[in-house]
Structures are given as structure tokens and as C-alpha cells.
Amino acid sequence: MSDLSSLNPAQRAGVVYLDGPCLLLAGAGSGKTRVITQKIAYLIQTCGYAAKHIAALTFTNKAALEMQERLAKLLPGGAAKGVTVCTFHSLGVRLLRAEAAELGLKPQFSILDSEDCLGILQEVLATTDKRLLRQAQSQISLWKNAGLTPLQAAQLASGELESQAARAFASYAATLQAYQVVDFDDLIRLPAALLQENAVVRERWQNRLRYLLVDEYQDTNVCQYRLLKQLVGVRAMFTAVGDDDQSIYGWRGATLENLRDLQADFPALKVIKLEQNYRSSVNILQAANRVIAHNPKLFEKKLWSEFGMGDPVTVVPMNDEEHEAESVVIRLQAHKFERRGQFADYAVLYRSNHQARVLEQALRKERIPYVLSGGQSFFDKAEIRDLISYLRLIANADDDPAFIRAVTTPKRGVGSASLEALGQYAGARGMSLFAALFEAGAEQAVPARQLAPLREFGAFINRLSWEAPKAPAGELLNELLKAIGYEAWLYETQDERSAQSKWQNVLDFVQWLGKKGEEDEKNLLELTQTVALINMLERQDEMPNAVHLSTLHAAKGLEFPHVFLIGVEENILPMLRPDDDLEAAALQARIEEERRLMYVGITRAQRSLTVTWCKKRRRGRDYQINEPSRFIAEMNLAEASPAQPQAQPGNLSSKDRLANLKALLNEKKA
Ligand SMILES: Nc1ncnc2c1ncn2[C@@H]1O[C@H](COP(=O)(O)OP(=O)(O)OP(=O)(O)O)[C@@H](O)[C@H]1O
Ligand SMILES: [Mg+2]
């Protein structure tokens with residue numbers, strides 16, 4: 001049941017406002033996401049909206065899942081089922097799939113991941129220089145997200161690097177089209193452009209989605225905003241919620257201009273501010289407010305809380321990262337013991353993925369369960385990517401990158417020379433490798449001995465494509481694995497232990513896909529696009545009682561009773577690389593974004609926050625001496641409460657560590 005009495009007056013105003021476009025601009029933990037879920041319930045129960053006419057857009061798949069769960073509770077009996085709750089990217093896929101014909105795409109177009117895109121750029125730019133490739137990739141992505149065509153990019157490009165990237169952009173785009181594949185940026189860019197150009201399609205979608213809600217609006221990029229504008233049209237029935245202080249995706253093209261544009265493009269925009277925080281105790285909130293006060297203000301907001309002062313925020317210097325990891329684990333155990341809490345009440349947050357490794361070791365040593373999000377994705381593991389390449393090929397035979405990976409894994413006696421010859425033949429005729437296989441001309445291009453296994457492979461893929469829309473996904477996958485002898489191949493090419501663990505991953509993946517297929521009533525072809533959407537940021541194992549390890553980026557929107565924010569040092573947070581010789585203004589912008597990241601980190605904590613930094617940190621063979629982050633000084637804790645004497649376990653052996661833990665626990669009990 002939507003329950004307006006559980007909201008404060010400003011939140012309620014946001015829920016019931018339906019006279020036009022509405023923006024909730026408010027700080028962390030002020031209930032923005034809660035307003036979205038309540039508003040959906042209100043639209044359905046009180047205003048007579050059909051569920052299928054409502055769409056809520058979230059930033060991650062995980063956030064979408066959480067919102068669906070909350071909705072199911074608010075609207076029991078399946079009333080919430082038809083509501084579209086998904087990310088911009090998933091909505092883009094749905095739209096593209098439905099309207100593929102309009103764009104000259106087939107509905108089973110594949111979605112490339114970042115590695116495949118790099119592979120294509122490598123060919124286009126004819127270089128293996130990883131750094132250059134990544135720079136070109138992110139430049140092209142920025143252009144795409146700004147809605148620029150290759151031609152416009154070429155006109156804008158300045159300097160050798162950008163000009164090179166602009167030239168690559170055109171060939172890159174042509175290659176994607178030829179392969180019938182899209183990259184992540186296209187998932188937004190193409191639908192936005194299509195809706196803009198095609199009135200029939202636009203009306204179809206405007207009729208389908210009659211009320212839109214957008215969470216984390218501050219992190220939308222230009223294309224996402226365009227898509228939003230096209231979807232809402234002149235009716236402009238939408239509610240966006242956001243916090244300019246939590247904009248942390250500038251590096252991916254998100255722009256705060258979107259907040260200003262919203263006001264300019266929709267003069268009737270109703271802006272509502274929320275100022276009461278329902279998440280954190282006062283000490284935590286004050287630290288957050290003090291840090292963010294160092295950034296220039298776009299919009300004035302003050303956050304306050306009715307919760308008590310709570311535990312003081314503590315800052316603990318550590319000797320190095322191992323000491324940090326061990327000490328965090330000890331403190332966490334002692335804290336949990338003292339509070340009789342759950343492991344799931346704890347999160348350890350950090351700036352970069354690699355910081356998780358030492359921490360994972362320390363947690364494993366103590367047999368503490370943990371889940372990792374934002375780390376190297378399960379879906380990025382070689383064995384999973386192998387399997388996914390088959391799925392992609394089954395869905396879309398023209399997907400050349402998938403073809404090359406699948407046909408060479410496991411090896412089928414097809415040499416690279418033959419593939420190259422096939423590639424030349426296909427390239428000259430503007431067809432995909434797969435299509436070229438069955439051309440009579442291929443018999444001249446590729447030696448018969450090599451062509452036979454290739455064609456056999458092709459026939460096999462054709463058969464699976466034919467079965468895919470009918471057979472359950474799990475069954476088909478098992479059949480596939482058996483046919484290609486993947487398990488045996490793993491054991492031939494890997495040592496036993498890694499073969500075993502890789503094979504287990506494959507089995508987990510097959511089981512997961514099978515289950516997902518049943519739950520979502522999707523066939524293998526449709527699942528393939530779902531898999532492609534699960535990106536690096538959001539892999540999340542289901543483990544009910546585990547410590548959460550997460551990058552700051554992936555922790556956005558979440559909350560945890562107790563938070564450890566680690567590695568809060570200059571060069572880590574803010575992350576500044578010595579070879580980044582940025583101009584003063586760019587440097588300033590970078591630091592401001594890092595500060596917002598710190599703000600996001602602090603405001604994840606509900607009851608306690610511990611900040612740690614390392615005096616030195618390993619860099620290759622050497623140690624690098626570190627300064628505490630400027631953000632620690634900016635929290636201005638001395639003013640909040642007298643400094644706490646800190647227990648400082650040194651670098652300890654595991655025996656000492658245990659003794660130390662016991663001592664700590666006894667101390668707490670006494
Ligand atoms: N009126 C209220 N009464 C009680 N609890 C509330 C109220 N509004 C929000 N909360 C609770 O406060 C917490 C923060 O809410 P929510 O996650 O919606 O905030 P948010 O503004 O979306 O935060 P963020 O900026 O971090 O995304 C949640 O636990 C939510 O249930
Ligand atoms: Mg939120």
C-alpha cells in the first residue's frame with residue numbers, strides 16, 4: 001500500500017505532484033529513492049495508472065532489483081509486476097530490440113563489451129599500444145555520449161591524439177554496423193536518435209510509457225537526457241531525483257549541465273528540496289557536510305538529522321596496506337562482537353578495485369564471509385567470455401569478434417592464416433566471416449583442409465540458432481558444452497586446479513542462466529542481451545550474511561550500518577596520477593569530483609564510520625610514502641569531538657593478531 005503517512009511533508013509533496021515535470025534535488029539519505037517507489041505505488045493505487053505505463057530508471061541493475069523488491073512489498077499480489085524498473089541501458093535494449101528494423105539492425109544484434117571494442121579499435125588503428133587504444137576508446141565514448149557523429153567529432157578534435165581518435169571513430173562505427181553489433185554507448189545513443197527522427201516510433205513509446213521516474217539523475221549523460229526528453233515529450237510527465245553533490249561519473253560523460261538544462265527545457269519544472277536525512281547519525285552527517293562544503297555550490301542544501309550524535313567518526317593511520325587490511329578485519333570482528341551484529345551490517349569501501357585484494361586475503365584468513373561488488377566481474381573471466389562468445393554467435397552469426405573467439409576456443413585445427421584469408425575474402429565483399437564461410441568463393445580463399453572444420457563449425461552454430469528460440473536455455477548450453485568438449489579442453493590446457501575452478505565457474509554460469517531463463521521466461525537469444533548488460537559495476541553474489549566490499553562508485557545509493565572507508569590518502573582519494581599533467585582548471589574539476597566521491601562514501605554509513613589511511617604503500621618493489629588525504633582534514637573531526645585514543649596494532653603475526661583480538665574483545669567486555 002502506498003503510505004503517505006510514512007513520508008515527511010516535502011517528500012509527500014514530491015509523491016503527489018502530478019501537474020507537470022518534477023525534480024527532487026536533495027542530499028544523501030534524504031529519501032529520494034523512497035519517494036520514487038512510493039510515487040509508483042501512488043500512481044497505480046490512487047491515480048489509476050496502469051503498471052505497464054510507468055517506468056522507473058535506475059543507475060545499476062542492482063538498484064533496479066532493489067526497487068522491484070521494495071515495490072513488490074508496497075504493492076502485494078503482483079500489482080507491481082508490469083512496471084518497467086530498469087537501467088537506461090536496459091530500456092535502450094528493449095527499445096532497440098523492438099524497433100531494430102527501423103535502424104537496419106536485426107533484433108538479435110549483439111552487445112559488445114569493452115574488450116571487444118578495444119579489439120576492433122586495435123584493428124582500426126593498427127596498433128597494439130594499450131594506452132593509446134584505451135585513450136581512443138574513452139574519447140570515442142565521450143563523443144558518443146555527447147551525441148556527436150564521427151564527422152562532428154573530426155571537426156571538434158584538437159591535437160594529434162584526438163584527431164587520430166576521430167578518424168578511428170568513423171571506421172569503428174562502420175565496423176560495428178557491419179557486424180550487426182552495438183556497444184554500450186549505442187544502447188542509449190541509437191534509441192535517442194531514433195525517437196528524435198521518427199515520429200511514429202516516438203509516439204508509440206510515449207504512449208507506452210506515460211509516467212517516467214529517474215533516480216540518480218545527476219549522473220545522466222547528454223544522450224540519456226536526450227532519450228528522457230524524447231520519451232516524455234511535451235506532456236513531460238516525469239519525476240527526476242538527484243543530488244549534484246553525488247555526481248561521480250563525470251569521467252564517463254555524465255554532466256551536471258543536465259540539471260540546469262532540465263530547468264531551461266521545462267520551464268514548468270517544479271523543484272522540491274528535501275533536507276532531512278534519515279540515514280546517518282549527526283557525527284557522520286557533519287563530517288559529510290564539512291567535506292562537501294569545500295566544493296562550489298550549485299544549489300544550496302542543508303542536511304540535518306533527528307538521530308543523535310552517534311559514535312564519533314574515527315580516523316586510523318596504518319603502516320601499510322597489509323596492516324590496514326588486518327586491522328580493519330580485527331576492528332570489524334571486535335565491533336561486531338560488541339554489538340552482537342551481523343557481518344552484513346558492515347561495508348568496506350575503497351577507491352579502486354585493486355585495493356580489495358589484500359582485504360580479501362585478510363578476510364579469508366579469518367573465514368569471514370564477504371561479497372565483492374564492482375570488482376573484476378565474473379562475466380569478465382576468460383571461461384565465461386568464451387561461453388558468451390558462443391551465445392552471441394548463436395544469436396547473431398554476423399558478430400565477427402564472437403565468431404573469432406568461438407571458432408578458436410577450443411582449437412579446431414583452424415590456423416590464423418586461414419582466418420585471415422577468410423577475413424580478407426569477407427572484408428572485400430562487405431560480409432561477415434560467418435556468411436563468407438558458405439560462399440563458393442571461400443573454397444579458393446581457404447585451403448580445403450581448413451575449410452572443412454570451419455564449415456562444420458558453422459553448421460553446428462546454425463543448428464543451435466535454430467533450436468535456441470524453442471529449447472530451454474540451460475539444456476541448450478549443456479548440449480553446447482558437450483559438443484565442443486569444453487571441459488576436456490580446459491583440463492588439457494590448464495593445470496588441474498585452475499581447470500577445476502574454471503569448469504566450476506562454467507557450471508555456475510550455466511545454472512544461473514538456466515534459472516534466469518525460467519524466471520524471466522526468456523530464451524537463450526534474449527538472455528544473451530541480458531548477460532551483456534551485467535557490467536563490471538554490479539556483480540553481486542547473493543550471500544545473506546556477508547561483509548560488503550565495494551568500490552565507492554558501486555556503493556552509490558546503498559546504505560550500511562557500519563562503514564570502513566579505507567585508503568583515504570593523497571593520490572588514492574583524491575586519485576591523482578603523477579603523469580596526469582592537468583591544467584589548473586581540469587585539476588580543480590578532478591579534485592571536486594573526487595571530493596564528491598568521498599561524500600558518497602561517508603554518507604553510506606548509518607551508525608559508525610571508520611576512515612583509514614596508510615603511511616606507505618607498495619608500488620612494485622618499492623614503498624611509496626603517503627600523506628593523509630586532504631579530505632580527512634576537511635572532515636574537521638577535531639572540532640566535532642575530542643580525539644579518541646586509538647589502539648594501534650602493529651604489523652603482527654597471526655598468533656599475535658589473535659591474541660590482540662582476544663585482548664580487544666576482553667577490553668570491550670570489561
Ligand atoms: N520519511 C521517512 N521516514 C523514515 N525513514 C525514511 C524516510 N525517508 C527515507 N527514509 C529512510 O532513509 C534511508 C535513506 O533513504 P533513501 O535511500 O531513499 O535516500 P536517498 O536520498 O535516495 O539517498 P542517496 O542519495 O544515498 O541515494 C532509507 O533507509 C529510507 O528508508
Ligand atoms: Mg537513492
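Residue 1 is the first one shown; counting continues down the chain.
Even glycines carry a Cβ here, placed using N, Cα and C.
Whatever TrEMBL says is automated annotation, not expert-curated.
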Statement: Of Arg252, Arg260, Arg279, the one that TrEMBL places in the same ATP site as Ala26, Gly27, Ala28, Gly29, Ser30, Gly31, Lys32, Thr33 is Arg279
- prompt: Within 8 Å of the Cβ centre of Ala26, Gly27, Ala28, Gly29, Ser30, Gly31, Lys32, Thr33, Arg279, which other residues of the chain have their Cβ, at the recorded ATP site?
  reply: Asp243, Leu274, Asn277, Tyr278
Task: May I ask you to report the DSSP-based helix, strand or coil state of Arg279 (ATP binding site)?
output: coil
- prompt: Which binding-site residues of Ser30, Lys32, Arg279 contact ligand 2 in the sense of C-beta under 6 Å?
  reply: Lys32
Message: As a test of the contact definition, list every same-chain residue at least 6 positions from Ser30 (ATP binding site) whose Cβ is closer than 8 Å to its Cβ.
response: Leu274, Glu275, Gln276, Asn277, Tyr278, Leu303
Query: To which of the binding-site residues Ala26, Ala28 does the lowest count of other Cβ atoms within 10 Å belong?
result: Ala28
Query: Considering all pairs of residues in Ala26, Gly27, Ala28, Gly29, Ser30, Gly31, Lys32, Thr33, Arg279, annotated in the record as contacting ATP, what is the maximal C-alpha distance expressed in whole angstrom?
result: 13
- request: Pick the one among the binding-site residues Lys32, Arg279 whose Cβ has the fewest other Cβ atoms within 10 Å in this structure.
  value: Arg279
